[in-house]
């Protein structure tokens, strides 16, 4: 039966997420994309000393390269959402992979720091943003029941790639210099195009194509043999074409769906994530310098980040498995709130750590809690808004987080310079994370209780983080109602002809009732509006 192409102007029949099959290949691609997106801005820091020597700039000047990458990753969220809604995930990811690779390749030929900002910062950051967001959208498309586990496994790409890219960058720097290292890193980023190529969209038009073939088969079986059969089939097809023509103006897909702001759960999630990001990234950024100030040697201080990364690798998939349990998944927002509370209390309790053993214990617990947060953040968002609105939701959330990223760590650095005291910074960062956890938990509980008192609306299955399959079924019902409403004007001309022959038709119907079928005489009018009219309506709504 060939691969069908959905007809324009019609809502394709949704397909249930397979929760496996090709979805595991999509998961692997998402794992790689997540690793590059989060680990690459940090891994580039191994080249900073050489850049400072060649361009005669300070450390803060080179640090802007990583900052611009992260700002592009977060700040271009709405742009990515618009492109995905307009062109689809696969084309956007292919373009993003080319941009990311081109940025690093061009950066290897730069002659000043400004050119590095534009190439390695803006161009590569934009390319990674165009890969990161669509990969998460495709992951939510292919997984429903196993989605928490899939999100946890994909999130594990960040610590895994950070553990690999940093040593690799050091080796490339020693053998080829920073220019050769940038060139090779640009080649590695071409793997994003490979990951984009495997993001095959689910076949949403197969059911509708099968329904059309079934229509023609039933028309041949039910209508009288001869010219009327072919005429009835053509009438059915003509009616569908008229319905298609009338539906085309209705098919206006939103490039960015702002209606998600009507969802109280989304508002609560967005506010809590903004507060969270203000303090979440501060401890790992300041940890190495904090350890050095307490008298820890440089090599042992750098090893602390490796401990966090190693624990993080196992914490994310494990938390994804726990979140996928039947009795846990309906309350995944509270698990996310607990993980944030755990992370914030870890920061507060370790603020007075004054020796290497205390810092190692802090890194172990921070790695567990940080991995839990990383594994659950997008799963909670998918549960709140559903997969159909996730492309718009994640873009808007990342844009809001971009402001927090630009406020949190720089403000913490200025406070360190002013106070010369890391203990206050850890207290402040931990307090912000705890506040976000309490806000999410309390606000979600209050809204949940209020929602229980109110009778749930009939056609809003996704408001409480329901299954994507239920969401799809409601869309099909809406499409069928819209189809039946638009089908009536398509037959208005025939009804006018039938109105003039009502009496003859009634007599003919009585005769056909005695004979068990439609009469052979009086032909076209009865074939269209007699006993077979109801059959045609049923086939059209099928």
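Here the Cβ of each residue, glycine as well, is placed from N, Cα and C on the backbone.
The transmembrane segment feature in TrEMBL is assigned to 21-40 (among others). Residues 69, 73, 93, 100, 124, 128-129, 131-132, 135-136, 138-139, 142-143, 150, 153-162, 165-166, 185, 189, 191-192, 194-196, 198-200 of the same chain lie 6+ residues outside the transmembrane segment (21-40) yet bring a C-beta within less than 8 angstroms of a C-beta in it.
For 23-448, the entry in TrEMBL reads domain 'Major facilitator superfamily (MFS) profile'.
The feature transmembrane segment is assigned by TrEMBL to 63-84 (among others).
Same-chain residues lying 6+ beyond the ends of the transmembrane segment (91-110) with a Cβ under 8 Å from its Cβ atoms: 33, 36, 80, 83-84, 116, 119-120, 122-131, 134-135, 179-180, 182-183, 185-187, 189-197, 199. Taken from TrEMBL, the feature transmembrane segment covers 91-110 (among others).
Annotation comment: TrEMBL describes 116-137 (among others) as transmembrane segment.
Per TrEMBL, the feature transmembrane segment maps to 149-169 (among others). Here the transmembrane segment (149-169) has Cβ contacts under 8 Å with residues 23, 27, 30-40, 42-44, 46-47, 135-136, 139, 142-143, 181, 185, 306, 308-310, 312-313, 316-321, 323-324, 371, 374-376, 378-379, 382 of the same chain, all six or more residues outside its ends.
The transmembrane segment feature in TrEMBL is assigned to 181-202 (among others). Packing against the transmembrane segment (181-202) from elsewhere in the chain are residues 15, 17-18, 22, 25-26, 28-30, 32-33, 36, 40, 44, 47, 88-90, 92-94, 96-98, 100-105, 107-108, 120, 124, 127-128, 131, 134-135, 138, 141-142, 169, 172-173: each is 6 or more residues past its ends and has a CB under 8 Å from a CB in it.
Annotation source TrEMBL lists region 'Disordered' at 228-248 (among others).
TrEMBL lists 266-291 (among others) with the feature transmembrane segment. Nonlocal intrachain contacts for the transmembrane segment (266-291), taken as residues 6+ away from its ends with a CB within less than 8 angstroms of a stretch CB, comprise 260, 300-302, 304-305, 308, 333, 337, 340, 343-344, 347, 356, 359, 363, 366, 370, 373, 377, 380-381, 384-385, 393, 396-397, 400-401, 403-405, 407-409, 412-413, 416, 422, 425-426, 428-433, 435-437, 439-440, 443-444, 447.
What TrEMBL lists as transmembrane segment is 303-325 (among others). With a threshold of 8 Å between CB atoms, the same-chain residues lying at least 6 positions outside the transmembrane segment (303-325) that come near it are 145-153, 155-156, 158-160, 162-163, 284, 287-288, 291, 332, 335, 339, 359-360, 363-364, 366-372, 374-376, 379.
Per TrEMBL, the feature transmembrane segment maps to 332-353 (among others). Under 8 Å from some Cβ of the transmembrane segment (332-353) lie the Cβ atoms of residues 148, 265, 269, 272, 276, 279-280, 283, 294, 319, 322-323, 359, 361-362, 365-366, 368-370, 372-373, 376-377, 379-380, 383-384, 422-423, 426-427, 429-438, 440-441, 444-445, 465, all in the same chain and six or more residues away from its ends.
The transmembrane segment annotation in TrEMBL covers 359-378 (among others).
Here TrEMBL flags 390-412 (among others) as transmembrane segment.
Feature annotation from TrEMBL assigns transmembrane segment to 424-448 (among others).
The feature region 'Disordered' is assigned by TrEMBL to 453-542 (among others).
Sequence annotations record features per position, and here TrEMBL assigns compositional bias 'Acidic residues' to 468-478.
Within its own chain, the transmembrane segment (116-137) is flanked in space by residues 29-30, 33-34, 36-37, 40-41, 44, 51, 55, 64-65, 67-74, 76-77, 79-81, 83-84, 89-90, 92-93, 95-104, 106-107, 110, 154, 182, 189, 192, 195-196, 199, 378, 387, 390-391, 394-395, 398, which lie at least six positions past its ends and keep a Cβ under 8 Å from the stretch.
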